[in-house]
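**Student:** One structure, as structure tokens, below. Some questions next.
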Amino acid sequence: MKILRKNHPLLKIVNHSFIDLPTPSNISSWWNFGSLLGMCLVIQILTGLFLAMHYTSDTTTAFSSVAHICRDVNYGWLIRYLHANGASMFFICLFIHVGRGIYYGSYVLLETWNIGIILLLTTMATAFVGYVLPWGQMSFWGATVITNLLSAIPYIGNTLVEWIWGGFSVDKATLTRFFAFHFILPFIIAAFALVHLLFLHETGSNNPSGLNSDSDKIPFHPYYTTKDLLGIFLLLLVLMILALFFPNVLGDPDNFTPANPLNTPAHIKPEWYFLFAYAILRSIPNKLGGVLALVLSILILATFPLLNTSKQHGLIFRPVTQVIYWIFIANLLVLTWIGGQPVEYPFTTIGQIASITYFAIIIILIPVSNTIENNIIKL
């Protein structure tokens, strides 16, 4: 078997990626989230496949088909809640994965980082179109509000919105195409994830110290396979607790009401994992400005390698930037909270301050703290 895994055309790819891969000996549990994201993707594709067997993408039957899955299909309720809460687990792992990349300076691996940003955007798009499928009140109005933002694009905006809708409003054509997108996008994510891994294995993994670890590598198997398995069991435990005991805690009560174009919910809001971006969107009174801020809130991640002037790798030995980093995380939590609040004082003001702080930390404070720390090293 040893010879086979090293010489077989297919098995040697697996061998170089997951068995004999030279890995830094000191990577911590923060490095577990890559494998957890892979696990989440597998869970989502499998549960999604079984849901798609019973779901109908028609405005008259979509809501009923989801109810039918929960009531009449064997373990349909479990599959549906694993899928819905699996999306939340996916985004928790995703945000921690990105946060770890920022903290430990993984953005210096340019290709891996940029593919990661594409993966983040694709996952957000997949989650958005998936949220529309149950055809509840919040699904319908969320789709209407978010797709309508594209009308802010000069000249082509209105045409683009009607093209995406497949008509003059969110209707049957929209639901059908959103189902098609939601089915194909996870496989595109899987393909991008392989490219992400390919680029990562070209350079090798980063490590907590931020130092070159070429002289201290260990094989991925059995050390990190067992470590990843522990993470996977913990993830599955949390997911099962969510799906079995608190299945609707992260959902919206409005989605228990079938979509009604004549009745608008009091507060239109997306799923919790989009609330930070939604708060940034709402904090700018101008429509086009809000849309640009929304897009930039994710694309600004691409500026980390450009704005990095530090002579040290990662934040482990940089206390000034560490403080700014944790302020940034706290600010993100504030934005998430504000995104779920009604548009009224004082929430609008807090949202505007938090949005300005979000961009200021990345564009101004982190580069300034880098310069300060570089000068301290010279002393």
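Every residue, even glycine, has its Cβ placed from backbone N, Cα and C.
Checked Swiss-Prot, it gives:
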BINDING   His83, His182  heme b b562 binding site
BINDING   His97, His196  heme b b566 binding site
BINDING   His201  ubiquinone binding site
TRANSMEM  33-53  transmembrane segment
TRANSMEM  77-98  transmembrane segment
TRANSMEM  113-133  transmembrane segment
TRANSMEM  178-198  transmembrane segment
TRANSMEM  226-246  transmembrane segment
TRANSMEM  288-308  transmembrane segment
TRANSMEM  320-340  transmembrane segment
TRANSMEM  347-367  transmembrane segment
**Student:** Give residue numbers and ranges for long-range contacts of the transmembrane segment (347-367): same chain, 6 or more residues beyond its ends, CB-CB under 8 A.
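**Tutor:** For the transmembrane segment (347-367), the nonlocal Cβ contacts are 279-280, 282-284, 293, 296-297, 300, 303-304, 307, 309, 321, 324-325, 327-328, 331-332, 334-335, 338-339, 341.
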**Student:** Name the residues of the same chain, 6+ apart in sequence, whose Cβ is under 8 Å from the Cβ of His83 (heme b b562 binding site)?
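**Tutor:** Counting only residues 6 or more apart in sequence, the Cβ neighbours of His83 (heme b b562 binding site) under 8 Å are Gln44, Thr47, Gly48, Leu51.
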**Student:** What stretch in 178-198, 226-246, 288-308, 320-340 has the biggest tally of Cβ pairs under 8 Å against the transmembrane segment (113-133)?
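**Tutor:** Selected stretch: 178-198, with the most Cβ pairs under 8 Å.
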**Student:** Based on Cβ atoms within 10 Å, give me the single least packed residue among the binding-site residues His97, His182, His196, His201.
**Tutor:** His201
**Student:** Under 8 angstroms, Cβ to Cβ: which one of 77-98, 178-198, 288-308, 320-340 has the largest number of such pairs with the transmembrane segment (226-246)?
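**Tutor:** Looking at each of 77-98, 178-198, 288-308, 320-340 in turn, the most contacts to the transmembrane segment (226-246) are made by 77-98.
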**Student:** Take the transmembrane segment (320-340) and find every residue of the same chain, 6 or more past its ends, with a Cβ under 8 Å from one of its Cβ atoms.
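**Tutor:** For the transmembrane segment (320-340), the list is 99, 102-103, 269-270, 272, 274-280, 282, 310, 347, 350-351, 354-355, 357-358, 361-362, 365-366, 369-370, 372-373.
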**Student:** Measure from the CA atom of His201 (ubiquinone binding site) to the CA atom of His97 (heme b b566 binding site) and give the result in Å, rounded to a whole number.
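**Tutor:** With distance taken Cα to Cα, His201 (ubiquinone binding site) is 17 Å from His97 (heme b b566 binding site).
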**Student:** Measuring Cα to Cα, how far is His182 (heme b b562 binding site) from His196 (heme b b566 binding site) in Å?
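**Tutor:** Taking the Cα atoms only, His182 (heme b b562 binding site) lies 21 Å from His196 (heme b b566 binding site).
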